[in-house]
Amino acid sequence: MGLIAFLKTQFIVHLLIGFVFVVSGFIINFIQLCTLLLWPINKQFYRRVNCRLAYSLWSQLVMLLEWWSGTECTLFSDQAAVDKFGKEHVIIILNHNFEIDFLCGWTMTERFGVLGSSKVLAKKELLCVPLIGWTWYFLEIVFCKRKWEEDRDTVIEGLKLLADYPEYMWFLLYCEGTRFTETKHRISMEVAESKGLPKLKYHLLPRTKGFTTAVQCLRGTVSAVYDVTLNFRGNKNPSLLGILYGKKYEADMCVRRFPLEDIPLDEKEAANWLHKLYQEKDALQEKYNQEGIFPGQQFKPPRRPWTLLNFLFWATILLSPLFKFVFGIFASGSPLLILAFLGFVGAASFGVRRLIGVTEIEKGSSYGNQEFKKKK
């Protein structure tokens, strides 16, 4: 094992990476709070500033995927679609099967220059999560309770506010509403059978309200819908912890572009269009499982240096005073100070682990287990 590979497995190194991410995140959140003064003066300037502040935080996670673990992301698409990536407002539909599916999506937004302006329809609980939810709040992310009767007006209002967004925006939708598990899949397919819908093998039944509402509210702003089907070679099931330990994965993403004018205006017809799309996604997953490859041309957009340079910038600023501080504590010889410091390290380790836990499938919500039953 080489020195770099050895360092990637060390807890103290992970703690330092977590320290840089968390402290820089709080600094960024504070700056974002100050930028609220810009909103009544120049809303578009406020948005551009916050896109770059969000990029400075999210790109640290992308750095872990691209530079720390060396994970490769290959696109399967066509040249006409790839030529438009990063040059238009779009809605992204991504399957929700893996702990790091969001991170693979982010690395594609980074390579096409829209990471800072990427959006998502997020569950309201994330608004209370430091760094993640707070950064999204300043980015005008649309939060919902996942109860359509209560969410409808909030979602419509939030989407309409994005109609004049100045940066190219990729709006991500997990139409399944929650991550795939065997229990949720079984319940979902019971609902599909009760509604006379074709069963899916690799996906949950898509929830159509969020999609049809997004299409209606963003029509005239969004140019297309990108359907993204993600899989990992070797039947791997990667995790954020695996990335932190430097494990390298190979992600394949099949991307299909659908012009927005091809999607029906009528809500019911648009919902049927989405169900048909998920049947096609299921067929793509089946093909991948059988052949180990998606159809289409292969593209490997080059990784850019900015994620690495951004992390090195924050690491230089934050780690130098930290090392001086730690050296001073141990040089003092005070048992009380040393114990207090070790207690702080333990608390910091717990906090970082809780942040990572947000991405873990087994710690996900029971939303799919309960809400699908209600639909029956």
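From the backbone N, Cα and C atoms, a Cβ is placed for every residue, glycine too.
Note that TrEMBL annotation is computational and uncurated.
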126-146, 336-356 - the range that TrEMBL marks as transmembrane segment: 336-356
Per-region confidence, the domain 'Phospholipid/glycerol acyltransferase' (90-212) (mean pLDDT, whole number): 89
Secondary structure tally of the domain 'Phospholipid/glycerol acyltransferase' (90-212) (DSSP, helix then strand then coil): 58 helix, 17 strand, 48 coil
Folded-back contacts onto the transmembrane segment (308-330), same chain, C-beta under 8 angstroms, at least six residues removed: 16, 19-20, 23-24, 55-56, 59-60, 63, 66-67, 337-338, 341
